[in-house]
């Protein structure tokens, strides 16, 4: 039954946007009928206690979509579905005509989220459902209009903050008890044996619930959220959002009722909120705001009652939750009706509308009387039960606390009276914007039903005994049998109630004086201001923190990781010990290469000329390539060599756009950079010496060496690692390369490449016989005509043999790209090649991905396929390598082309300075491609 | 030992260069740092065994560890992509590849220039704060 139930609610939620679009506001009827049918199903034939159902979700951490039915869940489920049905039916007449896909989708989605929340038996799913209700309420509030954005964001911040607390609690419980199954976790012995754990979880759960149930100091969002339309408010207040907080407290009560932190927090904050909310409600003139503070106050009462923790108290809290849902949904809907009919919700403008709106008056009186706790209504029964549970609480202060409850009730009585007396009796006020008239049954019936239900429940209180008993038993974790009745005899609770009526009546009688007395600020700041100030403060703090790194100068950012490296080394110095014997050995060529690298580094650091720096870095690169070769890494050495060549080619294309020399660094920069460089270098050398070369070959490396032929049919181990064993890494790398080409294209398209410097070409060339770039390049061009095709052929040879000998896609591509570079440098003009380049990149990555997909035929993405055709061993890894080949060539060609071409003329600038005098080129030179080709 | 010294030298040179102002120097510094890290990675496979892992010559006592080599091969190509990108960054500056911070003094200097590109750039970056910058010269 449980999955069917949840599935049906979800189905409704999915259908709702469609219905809202097709049927407009009338979609409220079928949706209400659906929810009402489900509510009736659950209410009349509740699932047997302890029914469970489960499907695994994240088995690795024992998370499953577990559902479990018990009395508490059923009570809330009936509320969620029943009130949801009423509110949706009401919306069908309250909303304007026209499509409402978002509203209906979110409202039924809200119902689905609440259904999951109260049914789930999994801690993680509980948290997810909790956050879903947060998001639903955020969207419902924020979609009201621009004025609702700030309140919606405040609501979100407060409730998400609470959600984080719940996440903390959920994880703590799951880790400590070793299960994510909610009811099992709540029965764990750790709650008794580990008071620190129980206390921490109690505080976290309490704060989470306080944010949701709008308890002090998180109460501000609820009145703030009044910008949402009335049906949303009615649902939020009566059954959905705030009741999620109450549900959470009741659910965890089984484990936490005896934890002192829990009791103190719940009773203290709950009573404070109860009295405070009631006073604020009495202060308000807008009926909706009044009801909002009334919700704050009533929820405070329920929270405090849960804090008492006895089975009787939990039963009373459950019943009051039900009673509150009934009178509060009726009250909100009736305020909506008043608003709809008269055009105002301000009690100072309203007055004497009773005669024109008899049915509305009935609903208002019934809901207000239930809220005030007058017999024979549901509110009286539940409030009596609450007072009794306080009086009978096993604490010496029980009766005193009951008196505090009564104080709150006095103000509650007063604002309820004010709601009725200021609006209904007498002759119609002249201030009402529109002439009051009775609304149709479409609005009245959904509001009347919960009001009448309050009467029925009040008169037949015993009918709730079973529901309250199962709910309270589930919450308390022990059997309990409350007896609800209008008349319990002459009890302390009844005496308190009578005192409340007398004092409340007095306040209502002296309403004018009370109003004057309260017409002022009671606190220096409002809750909304506090939340807004906190929000502003957080943003200001973020700006302050961000300022630390807000600099365009790269050095400031780049120095951080080096300093961090040094710090790590300093820490390691004290803790690393017991190094094994070094297995390294030194060969004569090592000394030579050390000399090459040292000379190169020394020169490049001191170089003032850009060209000089580039050349020496190239020398260092060749030295490193040779080092790789002597260390037994032929493929790496080849790659390094080719990369050095291409890097130098690319730099040469750029050098003519930059000044010849570097600026002299300031003394401070040189000194700072020098010190950091020397220290980092020492750390790097020491780390390399200490942490490498002290063990035998890694098991992975040994495996590759021993099994390479059997696994892949190749003998070049490094290449097979790239295309067979770890092809996914290679695919990712290809994508990075391809993106680089794209990013450069975008960068040059968005900004402007610097023009070639006038003084970049030596005077000799500008004036002498070699000035013409056509004849000038004859020799290179002739050479390149010969060599470029050869290089491309050689690259294909490298590509095909890569599986068994040095070579492979990368190396082959770099060889071919060198060929292209040669042809490029030799060409007299720029041709439009960029598109070809990007097609190469795209087809390369495409081929690699398709080859990978073909691997799915053998069970896994990127698994190479093998086949023997006519005695020749073929493998799809070679095809993958072709993809690598194409992509790398494409990127290099793109880079050459993008960085080599002249910038297009500026549009906003005066005519550009001619880049360099170029007398009649030998071949017609195409117009600078730059932007068009990019 | 020698390899460790080489790593140290390359790292020191790289760090010094990336802390300079010119983008070209920073890019060259990154190239040196990549060398340092790549040599370190290969060294992690051990420098005692130096035979090429090729042609079925699979004596694990003398053959170099192929796994770090494969990592380094990938790393070299990625480092190449980064270098090329940084080199492209070095030629999209205002006049050269200087990367100094736009301190107030420098900003007023740039604003004072009649280069419309500078003015447009400053206006983008500091739009609301400097209203006079919005007066872009019309061609």
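Every residue, even glycine, has its Cβ placed from backbone N, Cα and C.
For A:902-927, the entry in TrEMBL reads compositional bias 'Pro residues'.
Under the heading domain 'NADH-Ubiquinone oxidoreductase (complex I) chain 5 N-terminal', TrEMBL lists A:60-99. Remote same-chain partners of the domain 'NADH-Ubiquinone oxidoreductase (complex I) chain 5 N-terminal' (A:60-99), defined as residues 6 or more beyond its termini with a Cβ less than 8 Å from a stretch Cβ, comprise 1-3, 6, 9, 20-22, 24-29, 31-36, 38-39, 42-43, 46-54, 107-108, 110-111, 114-115, 118-122, 124-125, 174, 179-183, 229-231, 234-235, 238-240, 243, 247, 250-251, 318, 321-322, 325, 329, 333, 336, 340, 439-440, 442-443, 445-447, 449-450, 467, 469-475.
The annotation domain 'NADH:quinone oxidoreductase/Mrp antiporter transmembrane' is assigned in TrEMBL to A:121-404.
Per TrEMBL, the feature domain 'MrpA C-terminal/MbhD' maps to A:596-660. On the 0 to 100 pLDDT scale, the model's mean across the domain 'MrpA C-terminal/MbhD' (A:596-660) is 90.
Annotated domain 'MrpA C-terminal/MbhE' per TrEMBL: A:674-758, in sequence order.
In terms of DSSP helix, strand and coil, the domain 'Na+/H+ antiporter MnhB subunit-related protein' (A:781-893) has 82 helix, 8 strand, 23 coil. According to TrEMBL, the domain 'Na+/H+ antiporter MnhB subunit-related protein' annotation covers A:781-893.
Under the heading region 'Disordered', TrEMBL lists A:901-934.
As annotated by TrEMBL, transmembrane segment applies to A:124-141 (among others). Outside the transmembrane segment (A:124-141), and at least 6 residues removed from its termini, the chain residues within Cβ reach (under 8 Å) are 57-58, 63-66, 102-103, 106-107, 109-110, 113-114, 116-117, 148, 151-152, 155-156, 159-160, 163, 166-167, 170, 174, 180, 182, 208, 212, 225, 227-228, 232, 236, 240-241, 244, 248.
Sequence annotations record features per position, and here TrEMBL assigns transmembrane segment to A:290-308 (among others).
Marked as transmembrane segment by TrEMBL: A:314-338 (among others). Within the chain carrying the transmembrane segment (A:314-338), a Cβ under 8 angstroms from the stretch's Cβ atoms is held by residues 72, 75-76, 79, 83, 86-87, 90, 94, 230-231, 233-235, 237-239, 243, 246, 250, 253, 287-288, 291, 294-295, 298-299, 301-302, 305-306, 344-345, 350, 353, 357, 360, 363-364, 366-368, 370-371, 377-379, 381-383, 385-386, 388-389, 419, 423, 439, 443-444, 446-448, 450-451, 453-454, 457, 464, 467-469, 471-472, 475-476, 480, 482, 484, all 6 or more beyond its ends.
The transmembrane segment annotation in TrEMBL covers A:400-421 (among others).
Positions annotated as transmembrane segment by TrEMBL: A:442-464 (among others).
If you look up TrEMBL, you'll see A:484-509 (among others) marked as transmembrane segment.
Under 8 Å from some Cβ of the transmembrane segment (A:558-579) lie the Cβ atoms of residues 676, 679-680, 683-684, 686-687, 690-691, 694, all in the same chain and six or more residues away from its ends. As annotated by TrEMBL, transmembrane segment applies to A:558-579 (among others).
The transmembrane segment annotation in TrEMBL covers A:640-658 (among others).
Marked as transmembrane segment by TrEMBL: A:734-754 (among others).
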By a Cβ-Cβ criterion of under 8 Å, what residues six or more beyond either terminus of the transmembrane segment (A:809-829) are in contact with it? 635, 638-639, 642-643, 645-646, 649, 652, 722-723, 773-774, 777, 780-781, 783-784, 787-792, 794-799, 802, 880-889, 892-893, 896-897, 900, 921-926
Sequence-remote partners of the transmembrane segment (A:442-464) [C-beta within less than 8 Å, at least six residues beyond its ends]: 32, 83, 86-87, 89-90, 92-94, 319, 322-323, 325-327, 329-330, 333-334, 336-337, 340, 359-360, 362-363, 366-367, 370, 375-381, 483-486
Summed over the domain 'MrpA C-terminal/MbhE' (A:674-758), the DSSP helix, strand and coil counts are 66 helix, 0 strand, 19 coil
Same-chain Cβ contacts of the transmembrane segment (A:484-509) under 8 Å, 6 or more residues past its ends? 282, 319, 372-376, 380-381, 383-385, 387-388, 391, 399, 402-403, 405-406, 409-414, 417-418, 421, 458-459, 461-462, 464-465, 468
Tally of helix, strand and coil residues over the domain 'MrpA C-terminal/MbhD' (A:596-660) according to DSSP? 54 helix, 1 strand, 10 coil
